[in-house]
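Features as listed in TrEMBL:
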TRANSMEM  A:7-23  transmembrane segment
TRANSMEM  A:82-102  transmembrane segment
TRANSMEM  A:109-127  transmembrane segment
TRANSMEM  A:147-171  transmembrane segment
TRANSMEM  A:205-227  transmembrane segment
TRANSMEM  A:242-267  transmembrane segment
TRANSMEM  A:279-302  transmembrane segment
Amino acid sequence: MSLQKSEALMIAAAVAIGLVGLMSPNWLVFTTTLAVAKALVVLGVVMLMRSGLVSFGQGLFFCIGGYAVGMGGRFWGIQDALLLILLGVLASTALAMILGLLLTRYREIFFAMLTMAFSMILFGVLVKSHNLGSTDGFSVVQWSLLGWVPESGMGVFWLALVLGLLVALFLNRFFQSSIGLACEAIRENEVRVEYMGISRRQVLYINYVLAAAIGAIGGSLTALAAGHVDPEMAYWTISGEFVFIALLGGTGHVAAAFIAAMLFALVRTYAVEFMPHTWQMILGIVLLLIILFLPKGIWSLFTRHRRAAP
Amino acid sequence: MTEILKTQGLSRYFGAVTAAEDINVTITQGEIVGVIGANGAGKTTFINMVTGYLPPSEGSIFFDGRPIKGLGPRKLMREGLARSFQIPQLFLELPVIDNLAIALSAAQNDHLQMLRPVRTTKRLAAADDILEQMGITQYRDEMVTAMPQGARKLLDIAIAMLGNPKMLLLDEPTSGVSMEEKHALMDTVMEIVKRRSLTVLFVEHDMEIVQKYVTRVMAFASGVVIKDGPVEEVLADEQVQTLVTGKRRHTSTATEQGDV
């Protein structure tokens, strides 16, 4: 398997971001870490969107990833970040394998509402769980990475960059693979897919479970970076935010999710700074402009340029 | 000759409406059978029942000696029963080459592969070969939406033939295609069909096409098969001329007008 041009560019971009991170203020390093973590969850949303499904409940897996990190450290004494992330991935995958059996039967608004419903059920359970801090959540205990205990936010920043890059490289191949294209085919015409001998439910199921696993990595990284988890991670507005970022970036390329997540984080940071009471309005206007002028997301700027080139 | 498709007492009801009733058909390997009938006669209902798109209300279906009633499209395709559609069922927003690449990966049972690209050199060469056979190479990298109806029909049929089927059911392969393109389209398809010795059953409204390409015809009217036999015999039948081709009605109307 040889390295593709876009993959080489993504590796170069990750290295460049890592180097810039060394010279950046803490707030920017933290913002970038959270943006990368969010981008992973957004990639799950993008995976589903490519198959014609919109999930308003990806916060479910984001939250499970986060709580797995919190609970793994607090109740089971696991300190290694990679083990904590693995715990989140396993928990999310297990749940997605059960929910996927039901959800892959549904399409359009029914799928969207059901995903949101499951996410809100988790939110409700966590709010009522006093052992887990109820609405306040709880703090994540000090973690380590293969025995090294990071003292600043740089540790999780590097971890997020490496994991983000690995997931991006995997998904770049996935989108070009037979199953990746089968997802797009399902979005286009389910009847033909079945008459080709492809099980649409099997394809959608695998896609859904993978999206959940990747979402959990995002949740785990967020918990490691923020040092805190709370039920808000499963709240529907957070899931809406992931859909917002997915629309912002578009489904044209894996990198779009990272660019959109960073843009979203910066727009929100500055909107809150300059318009603390009406910052949501700024986000709303940005989304409106994107839908009006770039209906296929920010990534279409690059593809449009490529198409225009002789 | 070996029986490939057999239906016994096949019926389909939609509430009080009878779409197809007591259809008993036996098709042998290598036959090219035309299905004719006016709109609403039950032709597509019959095709839909045989290809698992619509469950029959009554009756049984055997394909290659095995009962297939209740099997879905996916399993039937794996059994060797493929179909094309009246309205081509394609992936409109994907390039033509990707439509074929997905179909080829499915035919090779490779569609769950996660890391290997769907566009392998071998697969692209196979897709190019199919495009050439069908005479639609010029649309290779275009979106399906950019193709004219005739080319879409050919792509739809090409995809249906990719899984090396034993039998092909074509639902109105020339509908929506211009008069000039119809014969070229059918020539292309029939050449491949003969080369592969496929059994074909196709629904058609154009009697010229029926006479040219089939040896046997099944005439449908009001959900039942009113005549089944050699093409000349069926088309000459009085009931078929009245209910299906409309020849007799036109003749009698002309005679009446002449009398006046």
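The backbone N, Cα and C atoms fix where each Cβ goes, and this holds for glycine too.
Curation does not apply to TrEMBL; its annotations are automatic.
Between the transmembrane segment (A:7-23) and the transmembrane segment (A:205-227) there are fewer than 3 Cβ pairs closer than 8 Å, counting only pairs 6 or more residues apart in sequence, which means the two stretches are not in contact. The recorded stretches the transmembrane segment (A:242-267) and the transmembrane segment (A:109-127) do not share 3+ CB pairs below 8 A when only pairs 6 or more apart in sequence are counted, and are therefore not in contact. Pairs of Cβ atoms less than 8 Å apart link the transmembrane segment (A:82-102) most often to A:205-227, out of A:147-171, A:205-227, A:279-302. Within the same chain, residues 30, 33-34, 36-45, 47-48, 51, 55, 58, 60-70, 81, 84-85, 88-89, 91-93, 95-97, 99-101, 103-104, 139-140, 143, 153, 156-157, 159-160, 163, 167, 171, 174, 179, 183, 233 sit at least 6 positions outside the transmembrane segment (A:205-227) and bring their C-beta atoms closer than 8 Å to a C-beta of that stretch.
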